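Listed in Swiss-Prot:
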ACT_SITE  CYS139  active site
ACT_SITE  HIS278  active site
ACT_SITE  ASN298  active site
DISULFID  CYS126-CYS224  disulfide bond
DISULFID  CYS136-CYS180  disulfide bond
DISULFID  CYS170-CYS213  disulfide bond
DISULFID  CYS272-CYS320  disulfide bond
CARBOHYD  ASN104  N-linked glycosylation site
SIGNAL    1-16  signal peptide
Amino acid sequence: MKRLVCVLLVCSSAVAQLHKDPTLDHHWHLWKKTYGKQYKEKNEEAVRRLIWEKNLKFVMLHNLEHSMGMHSYDLGMNHLGDMTSEEVMSLMSSLRVPSQWQRNITYKSNPNRILPDSVDWREKGCVTEVKYQGSCGACWAFSAVGALEAQLKLKTGKLVSLSAQNLVDCSTEKYGNKGCNGGFMTTAFQYIIDNKGIDSDASYPYKAMDQKCQYDSKYRAATCSKYTELPYGREDVLKEAVANKGPVSVGVDARHPSFFLYRSGVYYEPSCTQNVNHGVLVVGYGDLNGKEYWLVKNSWGHNFGEEGYIRMARNKGNHCGIASFPSYPEI
C-alpha cells in the first residue's frame, strides 16, 4: 500500500510544478497550518499541492451545486484534502469481507413493533469519543469496539473505551484479519469470544501500526458471549436493531472523494455501490428536512464530517451497502 503512495509521488512531482496555481498559495499555507501538515521533501509537497488543488476544485463545484439544491450534503477541505481516494482506500479503508461468506442470521425481527422516528445513542451515553485510525486500515477494529462499548454501557452503566489495538495485534490470521491491512467485525467479535475478553484502550492504547499481541487479562474491560448478524440489505431490520439493541457495526462503500471530503448534510452518492470497503458504526437514525438518514460514527477523527460523524441516506436501496453486512455483539 505504501509503495503505491511512493510511486504516485515520484511520477507526479514534475507535473505538479507545472500545474500549481499561484493564486492559491495563501490558502494552501492556511490549510497546511490548520491541519499541521508538514512534508519531508519539496517534491512531496508539490504533489500534495496538486492533489489538494484538484480536491479543492471538486469541493467548490459540488458546493456550488449544493447551493442550487442539487445535493443534500456539502463538502469541505478537511485533513484528508491532500490525498486521493485511492490513497484513502489503501491506507484507511481495508475491510475484508470473508471470501467464503456464510452468514448465520440469528436476529429475530418483530415487524409489528412500533419504533421511534429517530434514535441517537450518543444522547444515552453509549458512544465513546471519535477516534482517529491514522494510516492504518483498522476501521474494522474501531467499528467492532464501538459496538461492544455500547453493550458494555447498557449492561454495566459504565462507558469505557476498548482497545482497537488489541484487535489489530491479536485478532489476526486465525480469524482472517490482517491488522493494519484490514479485517472484519464479526471475526473481531469471535476473537473476543475465544479470548474471553478485550483490554481497555487505556491499558492497551492505539499505535496505528501492527505489533506483537500484548493482551493482558488483568486489564480486561469487556467480554463478548456471542454476536448477531442481520439479513442482507434489510434496512427495516437494521432500523429495528439500532432502535432496540444499540449501535450496529456495518460496512460501507467509502471509495468516493465525496465521502472522505464530506462535511455535513445527508450523504447520497449516485456512484456508490454495495461493495463495502470501510467499517463504521451506525449509532442512530433520523430525518433531516425530509431526508431520512443513518447516523454513522467514523474513525477518521473530529475533522471529518460532522465532528467525526456522517449522516448517510436511509431507505435508498441499501445505499453504499450500509445494510449489507450488519452485526452487533452481546455480552
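Positions of Cβ are set from backbone N, Cα and C atoms, glycine also.
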Least Cβ-crowded entry, counting other Cβ within 10 Å, from the disulfide-bonded residues listed as CYS126, CYS180, CYS224, CYS272: CYS126
Spatial neighbours of HIS278 (active site) among the recorded positions CYS139, CYS170, CYS180, CYS213, CYS272 [C-alpha, 10 Å]: CYS139
Listed recorded positions CYS126, CYS180, CYS272, ASN298, filtered to Cα within 10 Å of CYS139 (active site): CYS180, ASN298
Integer Å distance between the CA atoms belonging to CYS126 (disulfide bond) and ASN298 (active site): 15
Top Cα neighbour of CYS224 (disulfide bond) in the set of recorded positions ASN104, CYS213, CYS272: ASN104
Spatial separation of CYS180 (disulfide bond) from CYS213 (disulfide bond) - C-alpha basis, Å: 13
Cβ neighbour count within 10 Å of CYS170 (disulfide bond): 24
Fewest other C-beta atoms within 10 angstroms, as judged across ASN104, ASN298, which are the recorded positions: ASN104
CYS320 (disulfide bond) versus CYS170 (disulfide bond) - Cα distance in angstrom: 30
The residue listed as 'N-linked glycosylation site' versus disulfide-bonded residues CYS136, CYS180, CYS272, CYS320 - nearest by Cα: CYS320
Local Cβ density at CYS320 (disulfide bond) - other Cβ atoms counted within 10 Å: 32
